[in-house]
Ligand code: FAD
Ligand code: NAI
């Protein structure tokens, strides 16, 4: 029977990074992955294909509108087949890249579905049905997550799709209803709106993107509305009927009132994701997931000795970079080193136009916790680079402790916000005060100056607005 130091089940950002780190530390490691390619949800049907379509659709829309403002007159013609092909080619290059990294770091990829058969034992069922038994001192669960189903709305991946279906629609829908105003709904809704769909977003709550700073979410919603996205907030979908031509949805106000019927060619269900642990054999080592399906852990240790869990399968933000942080810390602990993740410093980015990026606490969280804080805010409409680029939507906001001036949260809504947030992750990791940012020279003309001006605003000496 093959023996390993560590067997990792799942080859996504949690699992593949865990494999690579284990290889680097000289552990004998295998990653069990049942897909035909490595990279998990993120590379195959998540982060990467969605960003490929967001990038291409943003340029398509700009070519049909904003380019003319810049004096570039073109008439773009959509070639959806090519757009999908370049997406698929990029995904293949990325997943092959992980195979290369596995070879380089001596990580063995065992193809098939992994099941924990008992303490230190993993069984892998290959596509042809053959079963291989493996043994390891430590087992890491990195099996990720799957879309949460919505009762009464059956995903058929034809007319009613989840994120995976929405990444590969065969045509531009004339109309698309998105259920859920979260990150997936707004990113993929943006893709199809830019390509020509009429997009309506139905959201249960009375606001979009729960978890995002409320003022930032309002500005973001205003910007999406200006672009033509329609929102039905405080509304719940109670049923759906799909035909060959489209979908009929029954929607009721959450607060009570008359139901209405909405029609669309396609419906995207994006109401969240849940941990995926089907067929994993958790019962064989006495692990019971919590009510929402998450595996409970203490510094990645599960209740079963020698079994660890990371990424989307455990609590915390369901993000690729969080899974990656988990993976490194978990493997370093297994290897007898020190591993730690500061979940307060895991940034979030919504890759729409404008982008939204944040790290640390929201104003609502600070108020709830009774923390006294000061706010510095700077609009991109006063930032020279944003003006020159005709991209003035949004603002940067810095929240700092009223007494110590330590930065507690940063919220940016504007193009390239995702590229700007890294500076604040580093600053906050070093416990920077807002004045530390305010006193650092930033390059001119860049959007990063808006972040600095926001930091100056905490002490009331913003100079450019
Ligand atoms: P996964 O990536 O889900 O990987 C788990 C792997 O385990 C899968 O490949 C699965 O096949 C395999 N597996 C499961 N069970 C078994 C088994 N029993 N045996 C063998 N293999 C098994 N995050 C970001 O940070 N940025 C983004 O821009 C972003 N965009 C996204 C867009 C979409 C449309 C979606 C759906 C998600 C997006 N995410 C994004 C979230 C991100 O994809 C996840 O947080 C991340 O993939 C989680 O990594 P993971 O390793 O925990 O799990
Ligand atoms: P989400 O949790 O971000 O948003 C789901 C939305 O659906 C919420 O606004 C919620 O209130 C709403 N909702 C729930 N039930 C509903 C119902 N019955 N009817 C109407 N609305 C309902 O989940 P989403 O968008 O599915 O994404 C899942 C996760 O994937 C994200 O939380 C994120 O962790 C990850 N992701 C990250 C991306 C990024 O980092 N850029 C991109 C895409 C996904």
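Backbone N, Cα and C define each Cβ position, glycine as well.
Under the heading active site, proton acceptor, TrEMBL lists 444. Here TrEMBL flags 51, 114, 143, 144, 145, 312, 318, 319, 320, 321 as FAD binding site. According to TrEMBL, the NAD(+) binding site annotation covers 180, 181, 182, 183, 184, 185, 186, 187, 203, 272. The disulfide bond annotation in TrEMBL covers 42-47. Per TrEMBL, domain 'FAD/NAD(P)-binding' is recorded for 4-325.
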Winner by Cβ contact number (other Cβ atoms within 10 Å) across the binding-site residues 143, 145: 143
Proximal residue to residue 42 (disulfide bond) among binding-site residues 143, 145, 318, 320 (C-alpha distance): 320
Candidate recorded positions 47, 182, 184, 186, pick with smallest Cα gap to residue 320 (FAD binding site): 47
Contacting recorded positions for ligand 2, chosen from 42, 184, 320 when the Cβ sits under 6 angstroms of any of its atoms: 184
Among 51, 444, the one of these recorded positions whose Cβ has the fewest neighbouring Cβ atoms within 10 Å: 444
Shell list (NAD(+); ref centroid = CB of 180, 181, 182, 183, 184, 185, 186, 187, 203, 272; cutoff 8 A): 178, 189, 201, 208, 209, 270, 271
Rounded distance in angstrom between the Cα atoms of residue 184 (NAD(+) binding site) and residue 143 (FAD binding site): 20
Rounded inter-Cα distance in Å - residue 47 (disulfide bond), residue 318 (FAD binding site): 11
Other CB atoms, at most 10 A from the CB of residue 186 (NAD(+) binding site): 25
